[in-house]
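Participant: Submitted below is the structure of interest, expressed as structure tokens.
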Amino acid sequence: MSVHMTRLSIVPARRVAIGRALGLLVAVMIVGITLAAMGRPPLELLTLILRSTVGSRFGIEDLALFMTPLMLTGAAVWVGVRVGLWNIGAEGQFYAGAVAASAIGLFGTMPAIVEIPLMAVGGILAGMVWIALPAAARAWLGVSEIVTTLLLNFVASLIVFYLATGPWADHVTGALASTERLRVGLPEVWGAVHIGFFLSLLAVIALAAFLSRSRFGYESAVVGANPEAARYAGMAVSRNVLIVLLLSGGLAGLAGMIEVSGTVHRLQGGLANNYGYLGIVVAILARRSCLALIPAALLMGFILDTGIVLQTAQISASAVLAITGLVMMAIAVGDELSAYARPAIQPKTSGQTS
Amino acid sequence: MTALLTRRATLLGAGGLAALRPAAASALRPIREQDALIAFGHTGPVTDGGWTHQHDLGVEAVRAAFPRLKTIFVESIPYSADATRIFRQFVAEGAQMVMATSNYGDFIRDVADRAPEVAFMECDGRNVSGNLGWYYITHWYASYIIGIAAGLLSKSGRLGYVASFPISSVYAGANATLLGAQSVNPNATMQVISINAWFDPQGANQAGAALVDSGCDFLCGIMDEPAYLRVAQERHVWAAMWNTDMRRFGPDAYVSSVTLDFAPYYVQQIGDRLRGTWRPDAHFLTLGHGVDRDAWGRNVPESVRMQADAARTKMLAGWSPFVGPIHDASGRMRVAPGQTMDDMALYSWDWPLRGVSGLA
Amino acid sequence: MLETPPDPATRPAGLAPGVPALLGLRGIAKYFPGVIANEDVSLDVYAGEIHALLGENGAGKSTLMNVVTGLYQPDAGELILDGYGVQFAGPDAAIAAGIGMVHQHFKLVSRFTVAENLHLGWGETPRRLSPRALEARADALSAQFGLPIRSNATVETLSAGEQQRVEILRVLSRGARLLILDEPTAVLSPVEVAELFRALRRFRDEGGAVIIISHKLDEIMSLSDRISVLRHGRLVGTHRTAETTIPDLVTEMIGRPATLDESYPRSVPRDMAAATPMVLHGVSARDDRDVIRLHPLDLELRAGEVLGVAGVTGNGQPELGELLTGLRAPSGGMITLNGRDVTGASARVFSHNGVGHVPEDRLRHALAPSLSVADNAVLREYDRPPVGGGGRFSATQAADFARTLAERARVMLPGVHVAIRALSGGNQQRLVLEREIRIASAVLVASYPSRGLDIGAIAAMRAMLAQARDRGVAVVLMSEDLDEIFALSDRIAVLCAGRLMAVIDRSEADRDRIGALMSGRTEGSVAA
């Protein structure tokens, strides 16, 4: 007798977790078999990866530094996805936030205690400014935010290159496409882990609390789920869309500020390190839960960190990319398969909506 | 020590930089060859056929010279916080010496400061600390020689330069080439286009084509791959390259190349580290000892070769062409008559020569 | 598995013995997690019959049809086509086997012409064809099946009935021998219903088979040859139409006898001089393209009274509903609410001042289907205590609110945190109605509230409207069901082509008069 599977419309979180774990396991096994076929001992590599990521102070610090921007760019994308808006421009807003923070950090003359909060506010505002035009176009003209936010990424990146090689270029150390070191930075708390990590963590938790406990959180959820119903309930749909996108831009801008003032200390051409785009992956991994952004960022950070470890273990960068892709695909497949269940036959229940 | 020249005197004379030196940089402990792990951090892919490939040849020479030591490398390291992670990972894996083939600034400095028992060398660096030094090639002499050929070969007197970022190496490369050209054609000018990458064949291709379109008939630049040489071949103009012999990608257009050879230097540095005699320092690899012009292209006339090589002979004997008066693009005299730009000044050149456009 | 085969006594009258069914179902079962959608369903559909499928919402009618059309694979049982067992891997296979379905929501491309829609995704469509040739082919099909269409018109300009004909034609042109229709009359005017039935009978008489799903029992009685009834996913009976009655069918459907009341007596006497919470003076409406949808009209809503709005669908009812609830600003005229001018005010102002609204498509307009029951329950009162207030929102209070609402609406909830789309249509509608009645201190606008509901749910809904009326609310009831209008209304307004034809007291209204007004004849010509 053949086994029929049914697709669940609402998948319990536990099923998803199991599906993903199995997906990851399969991915790890495929990688292991491939490495073994290449003549690389997979267990030795696995030990190396674990030691270099979660198994050492060094590795844990690195993970925290990876998570810091990823949590925020993930949150930036997630607040949009939650209401059906796709901010692909977190990369650009990240740069905008970093530029604003750097301007203050390079040329400000105030004490750090004043300047750092100012940099944070500047970073958030700059992220909002960077998304303002796409946000307004989406809210009132219905112009797809996907394209407009994406295109502004390239503009932001070129502006940073211009600043870092032109007017703000560092002529002392001759570093490539880089400004001088910012005069102030976020204080380091634990090794290289600076206060920005805790700020990002707090930001995600605060965001979760804010969205579940505020009128805005409720209204934007309705706007996202069904704009028609929102209009029917007398909600200002366009205004909600605008605010959500500005919030998204602000979060990405804050990520840029924290990265430049806590981790890198200089405005640089490659500063964003694709964190804006990786934020999309983090947001998708987190699905419907805001707090799930934290483990999602951890997983993403772990994958990126593993990539670095594998490179130093002489596995080529393109192989690392392929492995990353495989892991992502395994998770996606795990997500999808976890939605399929054997129909549970319970003869006592009544019929369902047809 | 013949293969390299230690510019201790120059550095000490350079005031501000000398202060960066710690009072006493003690030598690190010797290592047995079989225990040694040497890490190389590359800016591009080792298969780029250019800059990184030349460094990789140096790594091969190291392995040949010290067959029992272990080397590891990571390629295409971005100029972002990822660089720090990679250098930290090198240290975590037990490397006793880390060679970075580009300027990673703070990203390497931060790691070096936290790992005092590991030796760090940074190509194109500026910092010297207790366990961090730097090295670079004096490519401006080779560029000047090629510049003479450019001045003689170009009919329009307009040279094109495909640049990566507006940094000192680019200023020095473009300025030195044009200075060489102006020594035989005082009206020669140079147009520079920056493509914000060392390895971007598509970008270099577009920049090369744009330069030819604007009337340049001699292309040069500082790319890690041969894209603009192909453009020159197709458009029947001349081209000079960087890093290595690339004539097979454009045999008719090829003039020469600023060729690099890091092998003797790397063997010597790593040998020092093993013996426990390594010290953090700043080194220039000079003309004929790590940097030179490549053998001339097949279409370069004999008279051009002779005239350019005459300057090379003089330089090898100690002559410098970088003598004032030298004016910048705005017409201001930057080097007074009779004054010579020393290697440190050439290394940190940050203004465009008169006749250069496209560099601020 | 043990099967209950179809009862031979219910074979179509006059059928020669031994003639196989066109389609046979044997012991069909379909399970969803925790739910039996269908179990042990065995029935036969013969060529040359119209077979009606009855059942309450959730009885498993749609699931069964999805099995027949290849959308679902049965978890048990088999399909027998012309005497041979078949398996449909997908809808394509079912279509190839001659089974076609016309869904409740049309699947047409609105910007394409009728001819283009007919030829979309059809293997027999020639690769290169001029619009003229396409239209000629469409006209030929139209003549062949006796379904008049305008082949060169774009679909968005067609009435619901015309669109339905295009859908049916599309199915028939692909060689369907078995035509399945899901609630086909819900969006049709009486005239269009008659046309549809004529076409279906013709198709049957030429040897086709029809399965029709409907809630309208009188229509079923007049149209069908046999009737099968589903309850809780199981087949409870198949009857020759001539040998059964409506009360018997209802009893079978809901497991007990039930009828819809023909009137809803007041608990308090009607106050002829009651207050008028809402008044419309010369109000008109235009759509986004500035086309006039509602000509200037005057209308008073009276407290404690039900105003029925009759009219064929699409003659200005949605616009009127939107004007009354602040979703649309009038393009002319003035609206007062409790004596205040609210012309052009937002929907929020209307709802805060006591206007409740049960819109015609609750899932599209009144609910956020993917959000929880709790979130949907507080849609009207999230911005005031106890749920909200200031910038605050309390999920716990929302959950309590939802529980209270469900209790008052007599809805058994699986939990307040499940998505509201998991509830049955009847329960969704009860919750919406209760939610709107809570805020409707002045006016309650209910647009087609019985659409898609089964008889039990309709009865409950009507009782709730009557209670609101008795509490002094001005109720506006739009319906396509004249019986419903007559059962509840105190006055009846008739709309036709965006004009308010007349407002008539219930005591002076009869079906003929209202029907004439609905088709555009003015009172003068009716009298004549």
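Cβ atoms are placed via backbone N, Cα and C, with glycine included.
So TrEMBL has the following annotated:
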- A:21-43: transmembrane segment (TRANSMEM)
- A:63-81: transmembrane segment (TRANSMEM)
- A:93-114: transmembrane segment (TRANSMEM)
- A:120-141: transmembrane segment (TRANSMEM)
- A:150-169: transmembrane segment (TRANSMEM)
- A:189-211: transmembrane segment (TRANSMEM)
- A:241-258: transmembrane segment (TRANSMEM)
- A:278-303: transmembrane segment (TRANSMEM)
- A:315-333: transmembrane segment (TRANSMEM)
Participant: If I count Cβ-Cβ pairs under 8 A between the transmembrane segment (A:315-333) and each of A:21-43, A:120-141, A:189-211, A:241-258, A:278-303, which range comes out on top?
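Facilitator: Top-ranked stretch among A:21-43, A:120-141, A:189-211, A:241-258, A:278-303: A:21-43.
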Participant: The transmembrane segment (A:93-114): which same-chain residues, six or more beyond its ends, come within Cβ distance under 8 Å?
Facilitator: 69, 73, 76, 87, 120, 122-131, 153, 156-157, 159-160, 163, 168, 179-180, 182-185, 248-250, 252-257, 259-261, 266-267, 271-272, 275-276
Participant: So if I exclude everything within five residues of the ends of the transmembrane segment (A:150-169), which remaining residues of that chain have a CB under 8 angstroms from its CBs? That is, six or more out.
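Facilitator: Tertiary neighbours of the transmembrane segment (A:150-169) are 88-89, 91-96, 98-99, 102, 106, 130-131, 133-134, 177-180, 266-269, 271-272, 276.
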Participant: At a C-beta cut-off of under 8 Å, are there same-chain residues at least 6 beyond the transmembrane segment (A:63-81) that contact it? List them, or none.
Facilitator: 53-54, 87, 90-91, 93-94, 127, 145, 190, 192-193, 196-197, 200-201, 203-204, 207, 211, 244-245, 247-252, 254-256, 258-259, 262-263, 273, 275-276, 278-280, 282-286, 290, 293-294, 296-298, 300-302, 304-305
Participant: Taking the transmembrane segment (A:120-141) as the reference, which of A:189-211, A:241-258, A:278-303 gives the largest number of Cβ pairs under 8 angstroms?
Facilitator: A:241-258
Participant: For the transmembrane segment (A:278-303), find every same-chain residue at least 6 residues outside the stretch whose CB is under 8 Å from a CB in it, and list them.
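Facilitator: Sequence-distant neighbours of the transmembrane segment (A:278-303): 13, 16, 53-54, 62-63, 66-67, 70-78, 81-82, 88, 90, 201, 204-205, 207-208, 211, 252, 255, 324, 327-328, 331.
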